[in-house]
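Undergrad: My questions will all concern the structure given below.
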Amino acid sequence: MGFITKAIPLALAAASVINGAEILETRAGVQTLADKYIVVMNDGMSDKDFDSHRSWVNRTHRRRLIRRGAKAMGGMKYTYNFPTGLKGYSGHFDEQMIKEISKRADVKYIERDARVQINAIEQQDNVPSWGLARVGSREPGGTTYYYDSTAGEGTTAYIIDTGTDIQHEEFDGGRATWGENFVDDMDMDCNGHGTHVSGTVGGRTFGVAKKSNIVAVKVLDCNGSGSNSGVIMGMQWATEDAQSKGADKAVVNMSLGGAFSQTSNDAAKAIAEGGVFLAVAAGNDNVDAAEASPASEPSICTVAASTEQDGKADFSNFGQVVDVYAPGDGITSAKPGGGSQVLSGTSMASPHVAGLAAYLIGLGKGGGPQLCDTIKQMAIDVIQNPGSSTTSKLINNGSGM
């Protein structure tokens, strides 16, 4: 399936508290990374105090390695400092070090880092697609995509994924650029998922916003595998870059997720609070999306997958956190090296919404997280059997056809 990671049904388990800071625990079945943690600081912490805390962590970690003969651990790896205030870090620490960190009054909570990965369910080369036609039509079964010629011009879409083949003909030799890589040393999409997603957002043939610019933010490797800590670093980078260029002209797509993670949700909320629109795949386990992250974060736009017959895709998650449905079953888009492939999943639905957001920005319909409300208002009430407590709204670009 196109959605990155299998979202294991999970509510946040009871948290343990050691002299103050919560160490959030996950239920059996979640693939946590041994001795790797994400530490989130208290709200409102100053940069000076944050620097002081991290200096203390580095000093204490080195002391443990040298004086106490603790087993070798890498220590701090990523530092998070979102423009909207979320501060924290991730790293490789032994249990005793984590206990010492948890005793600090300036720590809000600690969460075990966990793995994310791709699981493909369908792939077929060079067949017709239907998703674009459905976005531009009020009736199913169309074969033409109707859209305004502005087509998202002047907007930027950040694709947090496996990377993008920026040389693909779909991106007109320049609209796609490389942003950052937080998973390996290969600035390429050696998996294919991210290129497909990028094509749906802004490809000249397959894209909803055909003139938008694409920025690749790689957080998953060739096997479609990565970590929450690396994904969050990609989220921070995209937010900062978008704000430096104009948050109201930017959208972010995350066709990825996993079991409930408070840190992932907090990072997604920070993107929205930074004034950037964020579309996220609801997940592919046919369960309530409230069990998945970052899909369960209410301030973002969570997208479920529909079929060509305007039904709920049988794999799609559902529930009150779903904002809209978008085409996600048998979607044709770009593949690395040229040409196209067909994939299914809420991963394919989400970029239709990110592309629609870029399209609406190009039309002068505003920008930022409030665009999700605009998209919901424009959507048409057609999804059959959408799932318990789930919207039946399918996205539409308002072309009137």
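Placement of Cβ uses the backbone N, Cα and C atoms for every residue, glycine included.
The following feature annotations were taken from Swiss-Prot:
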- Asp161: active site, charge relay system (ACT_SITE)
- His193: active site, charge relay system (ACT_SITE)
- Ser347: active site, charge relay system (ACT_SITE)
- 36-118: domain 'Inhibitor I9' (DOMAIN)
- 129-401: domain 'Peptidase S8' (DOMAIN)
- Asn58: N-linked glycosylation site (CARBOHYD)
- Asn223: N-linked glycosylation site (CARBOHYD)
- Asn253: N-linked glycosylation site (CARBOHYD)
- Asn397: N-linked glycosylation site (CARBOHYD)
- 1-20: signal peptide (SIGNAL)
Undergrad: Give the three-state DSSP assignment (helix, strand or coil) for His193 (active site, charge relay system).
TA: helix
Undergrad: Taking the domain 'Inhibitor I9' (36-118) alone, what is its mean pLDDT?
TA: 91
Undergrad: Take the C-alpha atoms of Ser347 (active site, charge relay system) and Asn253 (N-linked glycosylation site) and report the distance between them in angstrom, rounded.
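TA: Distance between the two Cα atoms comes out at 9 Å.
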Undergrad: Quick one: among the glycosylation sites Asn223, Asn397, which has the most Cβ atoms sitting within 10 Å of its own Cβ?
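TA: Top count of Cβ atoms within 10 Å goes to Asn397.
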Undergrad: Of these recorded positions, Asn58, Asn253, Ser347, which scores lowest on Cβ atoms within 10 Å?
TA: Asn58
Undergrad: Taking the Cα atoms as reference points, how far is Asn397 (N-linked glycosylation site) from His193 (active site, charge relay system) in Å?
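TA: Given the Cα positions, Asn397 (N-linked glycosylation site) is 25 Å from His193 (active site, charge relay system).
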Undergrad: What is the separation, in Å, between the Cα atoms of Asp161 (active site, charge relay system) and His193 (active site, charge relay system)?
TA: 7
